[in-house]
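Listed in Swiss-Prot for this protein:
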COMPBIAS  812-843  compositional bias 'Polar residues'
COMPBIAS  924-934  compositional bias 'Basic residues'
DOMAIN    32-135  domain 'Cadherin 1'
DOMAIN    245-352  domain 'Cadherin 3'
DOMAIN    353-457  domain 'Cadherin 4'
CARBOHYD  245  N-linked glycosylation site
CARBOHYD  424  N-linked glycosylation site
CARBOHYD  478  N-linked glycosylation site
CARBOHYD  550  N-linked glycosylation site
CARBOHYD  615  N-linked glycosylation site
CARBOHYD  689  N-linked glycosylation site
REGION    804-843  region 'Disordered'
REGION    904-934  region 'Disordered'
TOPO_DOM  32-693  topological domain 'Extracellular'
TRANSMEM  694-714  transmembrane segment
């Protein structure tokens, strides 16, 4: 600031100069001479010869009344009229003359008369480094809590250096320590101030106080400095320090704002209660000089108001530092900065006019598409009338200026209606005044839709499970599909397509609602007819071009118990009579009832029971096998004709059933009848008969030939069957010849007793000893069957047939799991135990496999090709006493018939796999050999 006396002198000088200029305007224009001298020159220091420099005559100076007419500045310089030299007359202190102005100039006015002339002399006072930096206090004390986090800043006292330029204050230095670092900041007026930054957490117990030294350095040569001792006391303070809601506040005030005008209110909060939460506001310690004279701060409310007179030409921006402390015992301070901008009055805001708007805009509009034209006007002049426009950042639009105050709104990025269907653009126009005034207008831009999204679904495929015999027309699936496009492009149409080579499935079985995607069945579905459907749902939208999506729909039909069991044997409507000799012991196998069910799983599991007979105590039936046997010995008092009604029930819910009727004829006990049911241990009386030896020789020769032929056939068939599926293997010759393996399979199926094989049979009407023998030792086709099973599925082979993994062509010992126990084997009098408590198969797969194999053997017997010693369809029994088991083929019965299990479960085959010989296997072989010898 220029001293008031110096300003008054300048004003007086200006008035004199103005008068002289008016008087001498007609004579001669004034001349300006420039000099530069350092400050603090001693009195009498020669500045320059002004007379010579002005071209005046030295001898006429007195006559022309040469004099210095400047006001306050004339005391600093004098002119020697004898020599014309101008010299320093008083101490020149640049800091006193010009303060902090970057340039300091003293102007002198010289006047001569006759004629009147006015001359101006400007002397630039150059700064020298003659002032040390100085701190306003001798020392500084800080109280810092040990809980202060590293990185916290603490403002320090600012030093002041009256010099300017490089001679002014340039930097600060801090003595070395392990806790604090110094950060030197620059104000907007280029002055420096220092902050103390905590780099390492304090520990009051370790160091309760710290002594630091702050040094201020200027840029002169040599550099001058000043030091400020800093005493830091480490305190245990309250938990929470005040916190400003923002670290930087900005305010703008007019330079003619009166005293008391509110500038801004700072706000700090403290989470503590009581005195520790009461905040006191104060100015920071490093504010520039003059801030406290121009502004006032309310200690309680934090309101900053104007106190003095603001001068825009002096300072345009005030940087004020405010600290807040609580009233706790160890208060911690928070600091914020307030920027107060002093501006000239700018009382006209811009005005925005939207001349045209192109809306809606297609979402596929190219970049640079013009959306709107805007014109902006401002009644102010100069910089206050220069206007700029802008749109918020992050939007796909931009403003460009084509002419002055005219702007074009264009697209700058791709539009997406599905993301943002409409924009309300806030266009802001600002002038260049200080403070800048602005205007805001809203431009509404709608985005129109194009068909750029296909129908979408949460699932790419659906698996639907529906129970058979469903209600036609009932919904079975509702497709969840949507299209994010606009309604006109999102109108969906649903169609069903067929997969694979099958056609007609859609029209026969299913339909879909074209509008809502609900799939319905046209007819009741039948599990036994078809179990799975593969469809494709085709969904298209209503846009142009049409976009579509395909969804796979797999429909699985589940089974219901809708089929009652059917009787395979005895044949319904036929006459089946089973022969039973009198005197037969308990447990004798009389016959077997065979049923099947077209359902699957538990719905196809069958159980057998007797409904009624003339003598309830004579017969018993296996619950799961259907085997009918004698429950007690046949007595003479029993009726010669017994009619049995067997109830066959499945395991479904609700259970369905059917009945089968079987007639048993009780015959007189005779030698012929006993010959047909001989005892395994009874000696044969005809061993020495010549006919027996002749037949035996013939059989041995025949067997040798048959074995050779079958060996070749089995080898060829074995090679061919290795690549075939198990279910496609031929089964017509499965039980044609007896043998150990055939014996095991027959017993496993529960069809007959093993003692019905390798026996000598006589017909009831025979009058001579003509034994009928089966062909012993013939090569069994079952070996080829077993090799095929082993190659297709070794695990199933071992479980079902109980065979070892023997080399092809080698018969494994029979699995005793499928044999009857000794007590259950019928002898000559049929002593088999009739109480069969066999277990169910483990799963549906095992059930259906056993059904297919055993029914294949039953079909073999029905064809009349069995060589088990009986007549056509007798399953190996004699023509007189065997059941007439002629089967009728039922479509698909091989896949659905369930023949319940035997006396052993499939899991017992583990002993076979473990390498243990099945119990009773060798005994059966020995018994068979004894029979053949006899």
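Note that Cβ sites are derived from N, Cα and C of the backbone, with glycine treated the same way.
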Q | Among 424, 478, 550, which are recorded as glycosylation sites, the nearest neighbour of residue 245 (N-linked glycosylation site) by Cα | A | 424
Q | Alpha-carbon distance [residue 550 (N-linked glycosylation site); residue 424 (N-linked glycosylation site)] in Å | A | 38
Q. What mean pLDDT score does the domain 'Cadherin 4' (353-457) have in the model?
A. 87
(Q) If I take the alpha carbons of residue 550 (N-linked glycosylation site) and residue 478 (N-linked glycosylation site), what is the distance between them in whole Å? (A) 15
Q | Helix, strand and coil totals (DSSP H, G, I; E, B; other) for the domain 'Cadherin 1' (32-135) | A | 17 helix, 39 strand, 48 coil
(Q) Using a Cβ cut-off under 8 Å and a sequence separation of 6 or more, which residues in the same chain sit near residue 478 (N-linked glycosylation site)? (A) 516, 517, 518, 519
Q. CB neighbours of residue 245 (N-linked glycosylation site) within 10 A?
A. 10
(Q) Please give me the CB contact count at 10 A for residue 550 (N-linked glycosylation site), counting all chains in the structure. (A) 16
**Q.** Packing count at residue 424 (N-linked glycosylation site) (other Cβ atoms within 10 Å of its Cβ)
**A.** 8
Q. Can you tell me the three-state DSSP label for residue 550 (N-linked glycosylation site)?
A. strand
Q: With DSSP as the reference, give the number of residues of the domain 'Cadherin 3' (245-352) in helix, strand and coil.
A: 8 helix, 48 strand, 52 coil
Q: Run through the domain 'Cadherin 4' (353-457) and tell me, per DSSP, how many residues are helix, strand and coil.
A: 4 helix, 55 strand, 46 coil
